[in-house]
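The block underneath contains the structure these notes are about, expressed in structure tokens.
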Number of protein chains: 2
Amino acid sequence: VGPEALSLWKSKSTFTSFGVFFLQMGWGDLGAFGEPSKETPNLDQMASEGMLFLDFYTANPLCSPSRAALLTGRLPVRNGFYTTNAHARNAYTPQDIVGGIPDSELLLPELLKKAGYINKIIGKWHLGHRPQFHPLKHGFDEWFGSPNCHFGPFDNRALPNIPVYRDWEMIGRYYEDFKIDLKTGEANLTQIYLQEALDFISKQQASQQPFFLYWAIDATHAPVYASKYFLGTSQRGLYGDAVREIDDSVGKILKRLQKLGISENTFVFFTSDNGAALISAPKQGGSNGRFLCGKQTTFEGGMREPAIAWWPGHIPAGGVSHQLGNVMDLFTTSLSLAGLQPPSDRQIDGIDLLPAILQGKLIDRPIFYYRGNEMMAVRVGLYKAHYWTWSNSWEEYSKGIDFCPGQNVSGVTTHTQEEHTTLPLLFHLGRDPGEKYPLSFASDEYQRAMERISVVVQQHKVTMVPGEPQLNVCDKAVMNWSPPGCEKLGKCLKPPKSDPKKCFWPH
Amino acid sequence: VGPEALSLWKSKSTFTSFGVFFLQMGWGDLGAFGEPSKETPNLDQMASEGMLFLDFYTANPLCSPSRAALLTGRLPVRNGFYTTNAHARNAYTPQDIVGGIPDSELLLPELLKKAGYINKIIGKWHLGHRPQFHPLKHGFDEWFGSPNCHFGPFDNRALPNIPVYRDWEMIGRYYEDFKIDLKTGEANLTQIYLQEALDFISKQQASQQPFFLYWAIDATHAPVYASKYFLGTSQRGLYGDAVREIDDSVGKILKRLQKLGISENTFVFFTSDNGAALISAPKQGGSNGRFLCGKQTTFEGGMREPAIAWWPGHIPAGGVSHQLGNVMDLFTTSLSLAGLQPPSDRQIDGIDLLPAILQGKLIDRPIFYYRGNEMMAVRVGLYKAHYWTWSNSWEEYSKGIDFCPGQNVSGVTTHTQEEHTTLPLLFHLGRDPGEKYPLSFASDEYQRAMERISVVVQQHKVTMVPGEPQLNVCDKAVMNWSPPGCEKLGKCLKPPKSDPKKCFWPH
């Protein structure tokens, strides 16, 4: 950020707080991004008061690695949130995972803490559920939510139900103490998460402390839920009800900031951890608009995300940016706003977006699309080169697991892992955002674009030092049998004998 | 329109003029509808100052029939703009067509003329090019444009180049006097059409006459073109350049209305005659967003259109409507605004949209999706029932003609004409706007929805009196060899001997 812009916000505020909304929602789920039911008035208003990012990406087509990337500013292949059990496989943190966020990683809240910030996570942590990975050990001061997805209900024998934590200890379990009715889709959770956010903001404002609020809720992740008031209110069915409730919550949180007079001191960003899960559509999954495929894939539908930056008085209202952005940039941008430097002892992949946000600059930077341990594709400017293509295996596909329902691009949405490293498939995302028309290998345009891209890829590969993979080993003994606090509640369960195995990652 | 709203606009103006922008552009081509390059600032502003229609349809997935429907307020199967040469075939008016708009049809400009309106068409007429079909014989006072698409260049032996008319007479031909450079995509035509519009508006304002301006230009129809200033300016390639020039033109026309102080007396509507021609994409075709397939088909991508109503001081800014609308409604709505009744001696399919536009009402009405002589599908509320499915034939498809590139929904995007009249395929367009998930025939929801839809369809079929089909006979002798005015220009060509045949309609 240039000195003028910097002094502008410094003069207006003594601190800048941060809010990050990080959800599973597709590019095409917001009215502002062309969702035809137009049911997100609050998010659309956030966009019209702030800046819409049209070329913004997540770091991975799956939840845990993206969340690790957001908080570390680093690609999952660096911070360990990937697997080497098989080639190019998506991995995450189910409750039998042994790994989690390594102590060696520096998380955004850890760094902000040194500058006096109070940090809270509301919702799904997903960076490991064993005690050493607890968010309060990694810089957060407060937590309300769960370590894993809200799958269930389980019988507490083969699998325990997922615990819900307040700070250090569990206060109950999903389906037992925090009801989710899978039949009706009713759950009151988003309302609880909303209230947590409102209370936290009011408390910090009263104590005049800068804060980082990470609202990482899970209502649009299958099993999708909404509270009673929102059930049946959307044209889009249950998924739409959940979106409407989130939209309403975002609106209430922004209004609270305004009412407390701290909206001009609070930088807020809304985005998503992966593309809509088309496998769960239409009832439990959203929309990636016109983009190809969805969650689990490195096509645009899997990783291009809705993104809105909001900071009244600083970000010009109604702005639109074509800056190539990534969730990892929120790490670096937040540090920049807090007057902190990113760690210099490691590779940071996120860039400072402030010049793009405040001065409308376009920073030249690539986007890497990883699936597990493999760089599947890269975007440079408007060109995207696929070095590997894969939707999912024939075996999974034949079982009805389809990451690209209704879509089929010959030679692109392949059901075997196809290597194109010597002659990448190249798309121009301006003319062809849907990745349907690979450029001719013989064209001058192909040659020119690939010359530029090859340099970027070579540089990336040469300097890549992968982290120790955290998502290789699974063990039923490490599941959420006896989380801290279970004794007080009488909710401790007996774990089975330890039997660590290679995790199986089919996708 | 209720008495309050009516008196409102009556008191504010002595007359209400109409502008209709009618182009070939897809639902997903506008930033306001989620086009990811966001290159239509003027249309987006028109939307934010007016009302966005999200569930608006054209009357046919092809140009001529839609244009006939717009001007008559009647389905093509009634006004004759269809063929019976084969089942469910799209037909239009190439220059060897013998038919055209019948004298028995009453066109919007004919009716408005009686109320003192001056009517002008700028661009493609497409309702027949033989003398009896001339737009000035059907209510228009002025014409600048061509009777057919700007295909070419032709050699003036096998085929004559398409003439450009000013009013009654031709003033030149495409490629000869009105250049289109197919290699570079450069043509100055949109600029000429823009100037015609601006001049007409200023002239009518000066003479205090109410007007109807029908701006039906063709720059986004293959072969796509843009003027030099716009070439190479879009992320989307040549098609995007053409869109940007149209967007710029729309902005200039609206600004002219404002500058002349008549924007509050002018009702303006922007929409499209069919979905984006995906067969021409990506270079020569646009985007239907997340909808299925494109032009030529009765899936949403073929017939759901971008639509914006603009009338400052009357239409609330930033409004959004889910009213099911159709281009035929512009006929009835315009008559309503002019204080005229639609003809009572024939079936009119268009409805008066003013209650939806001015009072936010939702009028219950079906949308019929015709392909030639067949009702392929019907929409009632959020449900769409397909009675027939067809993309195109295997024969055409195997030649590379693909109306649904990258898309394939099993049993839906069929390559044979599939009859579902006894058990229609049913989709819920709220949950599933992409028509990917047919409802289970056994479900209660299917039963309930089909009960309602069946009544609508039965009623429609019982009262349907098809018009005499106009698009059955073709004859090379009727082509644009010697249009009126050719003598003065020395541009008359000798027609071949008459040899009328059944037209061949492959799709």
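Cβ atoms are placed via backbone N, Cα and C, with glycine included.
The record from TrEMBL ties A:ASP273, A:ASN274 to Ca(2+), and of the options A:CYS63, A:CYS474, A:CYS486, A:CYS492 it ties A:CYS63 to that site too. The recorded positions A:ASN188, A:ASN274, A:ASN408 differ in how many other CB atoms lie within 10 Å of their CB, and the one with the most is A:ASN274. Under 8 Å, Cβ to Cβ, and six or more positions away along its own chain, A:CYS63 (active site, nucleophile) finds A:GLN24, A:TYR92, A:LYS124, A:HIS126, A:CYS149, A:HIS221, A:ASP273, A:ASN274. Put simply, A:ASN408 (N-linked glycosylation site) is 38 Å from A:ASN188 (N-linked glycosylation site) when counted between their Cα atoms. In three-state terms derived from DSSP, A:CYS63 (active site, nucleophile) belongs to a helical segment. Closeness to chain B is evaluated for the recorded positions A:CYS63, A:HIS126, A:ASN188, A:ASP273, A:ASN408 by Cβ distance, with values under 8 Å counted; counted residues in sequence order are A:ASN408. If you draw a 10 Å sphere around the CB of A:ASP273 (Ca(2+) binding site), it holds 28 other CB atoms from the protein chains shown. The record gives A:CYS63, A:ASP273, A:ASN274 for Ca(2+). Within 8 Å of the mean position of their Cβ atoms, the other Cβ atoms in that chain belong to A:GLN24, A:THR58, A:ASN60, A:PRO61, A:LEU62, A:SER64, A:PRO65, A:SER66, A:ARG67, A:SER272, A:LYS295. Annotation note: A:HIS126 (active site) sits in a coil segment as assigned by DSSP.
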